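K.L.:
Pasting a structure here, questions to come.
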């Protein structure tokens, strides 16, 4: 979901007469009415898991975001024009359009899956962690980009409705992380055998370590590029391969800095966890960062080529192959890491107790 999305009413009859404050108040009213309706109709699910309310409300707003993106690309006409004009004009940027696409497709499916799991009293922890990373990443980039970029003068009262969306990930994250993990089929002997293997006996982990090192260098390099590194390599890259990094909307610059200050340390920690056994935190955080980087790369790549991005900041056609290869690999790697952690988690489990204490427990 885009971090600033709110319920919006379709229609263009009153678009010209709508004021920014009126749009904000109407959005807040619809949000409140929707919450009351969901609470009255699904009390059993909410009492079982309060996050059901979040997923139900956000599923509705995901459809609204998809409508906005389709309208901005000309596939539908007149539904949300008054809101993007008077409520959140920065949703009309290339970056705004693609976070709406992501929210209206990927987030929407995740909301349905997680709400369905709550109805069936099933686990959804892994889906929740992936959504959490994706949602937080959109907030970390979109909100600062709105404030720092060229649309900072276009901030309207509807922007302040994003305050609840900054609090939701904190609460939802604590709820999701507090859920019990799914039981594994790894016996203590399997855990010990897997953790005794050296790195050379784990070629998949070795390949992931090589990838993470290369991705770390790429992350650091693009961070230096947006910080106006004076070297010739940075100059050539930003003008011939990713000129979108110079776009005054500020979203690409904020994105690269978020990568450098948050994703880069995670890559280093992930390398450590792939070398030394027993790092039980990696499977959860690999899912979080897979969701975060998936959302970020989708928005970044789409906005780099979209017609709403000025021509001088779009990726040149002769650099498309290099641009797609680097950015697709950058998006794919964290998903492969998360899949490896979930598929064969024995290496990351805490080692079973050994010695006299374990023998005493076995006798008991």
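Along the chain as shown, the residues are counted starting at 1.
Heads up, the Cβ atoms here are built off N, Cα and C, so glycines get one too.
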K.L.:
Could you check which of 230-251, 318-339 is flagged in TrEMBL as transmembrane segment?
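P.N.:
Of 230-251, 318-339, TrEMBL gives transmembrane segment for 318-339.
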K.L.:
Which residue range, 180-196, 282-298, is the one TrEMBL calls transmembrane segment?
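P.N.:
It is 282-298 that TrEMBL annotates as transmembrane segment.
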K.L.:
For the domain 'EXPERA' (204-338), report the average pLDDT of the model, please.
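P.N.:
Looking only at the domain 'EXPERA' (204-338), pLDDT averages out to 95.
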K.L.:
Check the transmembrane segment (90-115) against the transmembrane segment (318-339) for contact, please; criterion is three or more CB pairs under 8 Å, pairs 6 or more apart in sequence.
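P.N.:
These two segments do not touch.
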K.L.:
Counting only residues 6 or more past its boundaries, what in the same chain has a CB within less than 8 Å of a CB in the transmembrane segment (256-275)?
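P.N.:
Here the qualifying positions are 137, 140-141, 199, 205, 208-209, 212-213, 215-216, 219-220, 222-223, 225-227, 245, 281-282, 285-286, 289, 292-293, 296, 337, 348.
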K.L.:
Short question: which residues 6 or more past the ends of the transmembrane segment (127-149) have a Cβ under 8 Å from it?
P.N.:
1-4, 51, 90, 95-96, 99, 102-103, 106-107, 110-111, 113-114, 117, 155, 159, 162, 165-166, 168-169, 172-173, 176-177, 179, 248-251, 254-255, 258, 262, 284, 287-296, 299, 338
K.L.:
Any contact between the transmembrane segment (282-298) and the transmembrane segment (51-70), i.e. 3 or more CB pairs below 8 Å with pairs at least 6 residues apart?
P.N.:
no
K.L.:
Please indicate, using numbers and ranges, the residues of the same chain that are 6 or more beyond the transmembrane segment (51-70) and have a C-beta under 8 Å from a C-beta there.
P.N.:
1-2, 5-8, 10, 31, 34-35, 38-39, 42, 45, 76, 79-80, 83-84, 91, 97-101, 103-105, 107-108, 111-112, 114-115, 118-119, 128, 168, 172, 175-176
